[in-house]
Amino acid sequence: MFSLSFYATLVGSSSSSCSFPCSSSKTTIFNKTTPPTTNTTISTTSTSATSKHVWTRRIPHPPFSNTNKQQQQQQRHTRTQQQQKQQSPYMDRSVDMNELLTSIAQTQNIEQLYSILSPYNGRQLSIRFMISILSREPDWQRSLAILDWMNEIAQYSPSLNVYNVVIRNVLRAKQWQLAHGLFDEMLQKGLSPDKYTYSTLITHFSKQGLFDSSFFWLQQMERDNVSGDLVLYSNLIELSRKLCDYSKAISIFNALKGSGNIVPDLIACNMMISVYGKAKLFREARLLLQEMRDNGVNPSTASYSTLLAIYVDNQKFVEAVSLFSEMNEVECPIDLTTCNIMIDVYGQLQMIKEADCFFWGMRKMGIEPNVVSYNTVLRVYGEAGLFGEAVHLFSLMQMKGVPQNVVTYNTMISIYGKSLEHDKATNLIQEMQSRGIQPNAITYSTIISIWEKAGKLDRAAMLFHKLRTSGVKIDEILYQTMIVAYQKAGLVAHAKRLLNELKQPDNVSRETAITILARAGKVDEAMWVFRQAFDAGEVKDISVFGCIIDIFSRERKYAHVVEVFEKMREVGHFPDSNVIALVLNAFGKLRKFERADALYKQMYEEGCVFPDEVHFQMLGLYGARMDFNMVESLFEKLDSHPNINKKELHFVVANIYERADRFNDASRIMNRMNHKAIRSHGNA
DNA sequence: CTAGGGTTAG
């Protein structure tokens, strides 16, 4: 955690009014109270403190400048405004803006910049104009210098917008501490941050993966009762998406739609298609395409590519092909990314010829294949056993000067593994390093598997040992690969030793250790490490929570499920559909029906959308409790919901009644469905 | 004055 005095020594502000760490008593959907931690250090010193002497010299009179015609006309049109302006000290209408901006842009250093600005001391330039200068100024040091000039020499009182722009410039230069300090300075001047301030801060921190800081600013914003706009909501959705907290993203999207005056635009919708897909809400994703058209937002190539990629991720290749033909029908243009996805689709469908044609036909469509296209086709060749073609294409890339990357090499290494040429695979590691392409965890786990299959386990073990001592990042799959290699070679003791070391991990993160232990069925060890890591504030990744909830549920450790879930909520994560299903189930098994009911209702109120199975499960829980009033009322609610499979709903409810020996109710439900079917048939 | 989306490798 940084100290604010650090900024104070740089810029000379004496005290700080910004409260760190922030503790919010208000209940928010982001109920995280951890203060931000930023590890970045400031490498450059602010110039503002060192250059002040320049401003102390006598400043000459402002130069005369002709007002252009356009400005004169504007003056006439805004006469009332002009009269107000005359009382104000701003006189920038007598200055040629473009000329001044050009000369400012041409200055090489801060001294030159001051000499341009100094004639205007006395507020001949409006705040508006100063913002123009600042927003065109890419250099954070110069931005700060201009801000200081306004504050200390030219007797401006910089507005909120001025600070917003300077904060943006400082954030773009990744000067995190300075941004915090500027925020503080802003408060000291009695300025209240607005949605732009927060939007800028939240976005820049989250873009850098500094999610703690991002959440901190979000809390500040909520505490200030600043309400968001489309941009801010989009940023929050993006932030949740990056944290893989898709339920939260959906909740924010629903809050956005519910706010009344904000209509999601193309980019917001495309992000949501991706979110729905990641949340496995495929129907919602597809429906959003239609909803966009209804709202007058035409789905773009990226909208379709996003959904295509989702289908691929979930092995829904037939749906992908069908969506691709829809794309052609509605004449949505196809670009490089679309092509790359479709090569993948045909490859995964074992339609090698189609994939091949697609790849070689791209250029005729005016689309030049890139590294990703080549890498994808390489993999398709490899999986089809076309090793000669793969090797040929690999050298063709080099002949054509297509840049190769770590993925290219990993793919080729894997292909040589398949063709049992493990020496060639090994050589590729040397080759990539000599070409300046660094192997990564995927490279190493690929080669360890290959060596294990080739009976060179000693070599694999040596490499793994070297990696552990050399500081290479070891993730769970790489670690797991080595364990599996030992197990396959019958060296169970070695495998166990690796697992045991995870209880006190020194080369891998505790998050990684927890996932491996849990997946290896070491439930108690996993829980032990989890508790330790959680208390140390090390568990951040939502997938870790999901992973162990999954394992505990399978092991029927329902109390553990609930404990992990509560900790997950404590740090502000929303449950995804899998987690909520498992937790509802755990509550049911523990006979804590009220808690299941409360959770389900809370998630509904917070705007979460879940697959049908979750709703059906809740119905089942009400049924298990013999609470048929609740069954009926939830049934009615779901039945009037447009996005629920009605047929399944009726079967589920009828089944609940049957199990409770209430056959009259069961047949009542089934009849209701049949009547509906007849009615809609009659209408059609 | 501010802003956000899609593709490849274990």
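One is the number of the first residue shown, and numbering goes on along the chain from there.
Any Cβ shown, glycine's included, is placed from N, Cα and C.
According to TrEMBL:
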{"type": "COMPBIAS", "residues": "A:33-51", "note": "compositional bias 'Low complexity'"}
{"type": "COMPBIAS", "residues": "A:69-87", "note": "compositional bias 'Low complexity'"}
{"type": "REGION", "residues": "A:33-91", "note": "region 'Disordered'"}
{"type": "REPEAT", "residues": "A:159-193", "note": "repeat 'PPR'"}
{"type": "REPEAT", "residues": "A:194-228", "note": "repeat 'PPR'"}
{"type": "REPEAT", "residues": "A:265-299", "note": "repeat 'PPR'"}
{"type": "REPEAT", "residues": "A:300-334", "note": "repeat 'PPR'"}
{"type": "REPEAT", "residues": "A:335-369", "note": "repeat 'PPR'"}
{"type": "REPEAT", "residues": "A:370-404", "note": "repeat 'PPR'"}
{"type": "REPEAT", "residues": "A:405-439", "note": "repeat 'PPR'"}
{"type": "REPEAT", "residues": "A:440-474", "note": "repeat 'PPR'"}
{"type": "REPEAT", "residues": "A:541-575", "note": "repeat 'PPR'"}
{"type": "REPEAT", "residues": "A:576-610", "note": "repeat 'PPR'"}
Item to check | Taken over the repeat 'PPR' (A:541-575), the model's mean pLDDT | outcome: 91
Next on the checklist: From the DSSP assignment alone, can you count helix, strand and coil residues within the repeat 'PPR' (A:159-193)?
Outcome noted: 26 helix, 0 strand, 9 coil
Checklist entry - Does the repeat 'PPR' (A:265-299) make contact with the repeat 'PPR' (A:576-610) through 3 or more Cβ pairs under 8 Å, each pair 6 or more apart in sequence? => result yes
